[in-house]
Amino acid sequence: MASVNSLASTLQQQLADALTAALPDAGTADPLLRRSDRADFQANGILALAKKLKGNPRELAAQVTAALPASDLIKDIEVSGPGFLNITLSDKSIVETLAARAADGEGRLGVPYNSAAGTTVIDYAQPNVAKEMHVGHLRSAVIGDAMVQILEFTGESVVRRHHIGDWGTQFGMLIQYLIEHPDELNHEADKGDKGDGEAAMSSLNRLYKASRVLFDSDEEFKARSRDRVVALQAGEAETLAMWQRFVDESKIYFYSVFDKLDMKISDPDIVGESGYNDMLEETCRILEETGVAVRSEGALCVFFDDVLGPDGNKVPLIVKKTNGGYGYAATDLSAIRDRVRNLKADTLLYVVDVRQSLHFKMVFETARRAGWLSGDVKAHQLAFGTILGKDGKPFKTREGVTVKLEDLLDEAVERATAVVREKAGKIGLTEDEIVENGRYVGIGAVKYADLSTSAVRDYKFDLDQMVSLHGDTSVYLQYAYARIRSILRKAGDAKPVAHPELELAPAERALGLHLDQFGEVLSEVAAGYEPHKLAAYLYQLASHYTTFYDQCHVLSDDNSPEVVENRLFLCDVTARTLHQGMALLGIRTPERL
Ligand code: ARG
């Protein structure tokens, strides 16, 4: 198991050394290496350096070239334009580097671990108890899960936190109603042909509606509900037991949705708002004592110079309400204290709707002022946009109600299954395989659509487009993978073997150079929290492969055995990279499709 330097980083290092050798006075200088259409790479850094040292850039470029070590890395280097270097790598170095990657673990592929890795606490997949999950919760789950996999792959220790909404005054009403109608929270009664998850949600919904009606129409029930909130906050045993039933019933539902999403969520990571209840008072006390928060119209508030309302007045972050209740902000501030102090986070990452950005900005700033977030700890909101319907408006059914997540996922799977079924006969898939692939393709389509656009942008939820075999979709990538696997199966006794002595065709070089970038792309994706860049990389990989496949026949009798082996080798590394990359996005790659 050894990590492999990418060709770009090896070249970068050699150029930097040559620059220093040619110009000892220049200090450490960046050759500014870029991918290029003219050659494999272009180095632009010499221009600025020559300007600084008042030298001739073309002469300097020639000196740098002369100072490069003799090696197999570079096939061709030329000075061009005002003093750029165009660099073409040798075919040998491309194949050798890929062979070193292939020799590393199956999916590890020589990708180095981040030497500065630390601990990230990631807050994602945070639905609310006794409420239906909506498409926003889908985004948080899908993006968060991908970030967890990607960060762990780069060596980060990741602690997952599902900050579910399981606390608040509405529970007074719900619990009081349940105490008065003890048989109402029973999803068996709602079962019919539904699964447990859906039935659990129906039963919660029914109870929610019934209690709301009573709350709005019956003053005495309202008063009893308010007392119930007090009992809940005081931790009164019977009340807590009832509250726990709501949480448990909701979890049955959450788990059924996460399961549909082919996503592992584990109980100990579900630490909802209630988990910070014991800290709220202290959090507010410290904020008040240190002067970070002040009393304003009876509430405990934090003010910011740059957070103003439409009237020009400052809009506060309210940590404690006039009635003494604690809100969302007090909980998030307490969670920060817990995550930094107890979980030893170096980074706090929140995968939350962009509409909560102001909240997080104020919460982070408050935590800094209070000293809970020191300079060494980074807090970042990975903000995501809204899922829109085909009409470009926030996603709703024709009747204008919020779309149920399960229905959406079921429909995606149904469509995908139809697509899979069409081709199933030709490759002899069994009915079980069709069902399984339909699920992987359908759920993959939903995840990929979400992950392939920059998170902060809104995107249109368009199932027709998502399960299309053409264009930037997960199915396209899944087919590319399955096609490669089928070639590898068909190869019979011929095995993937690297042959660095062979000359490469242009499509082979392009594919090889792209494969070599996997590690660099991942480290960029991890550092910037940008899974869409991984999706884009994989899509380009599949496109490079398609070109290679069209131009370079793999299993052809016209090829020498070495060429067959070397092409199978390229197929194998491509398949492994696709498989690993898709897995990091939470998407399966069936062997036969
Ligand atoms: N439950 C919240 C919602 O549905 C999201 C929670 C986000 N996380 C947090 N730490 N505030 O909008």
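Each Cβ is built from the backbone N, Cα and C atoms, and glycine gets one as well.
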- [ ] For the motif ''HIGH' region' entry in TrEMBL, name the matching range from 72-82, 127-137, 303-313.
- [x] 127-137
Open item on the list: With Cβ-Cβ distances below 8 Å as the criterion, list the same-chain residues six or more beyond the ends of the motif ''HIGH' region' (127-137) that contact it, or say none.
Closed with: 164-166, 170-171, 174, 201, 204-205, 207-208, 246-247, 249-250, 253-254, 257, 272, 353, 384, 386-387, 395, 402-405, 408, 461
Task: Secondary structure content of the motif ''HIGH' region' (127-137), with strand meaning DSSP E or B - done: 3 helix, 1 strand, 7 coil
Task: For the domain 'DALR anticodon binding' (477-593), the number of residues DSSP places in helix, strand and coil - done: 81 helix, 0 strand, 36 coil
Task: Summary of DSSP states over the domain 'Arginyl tRNA synthetase N-terminal' (9-89), given as helix, strand and coil counts - done: 37 helix, 19 strand, 25 coil
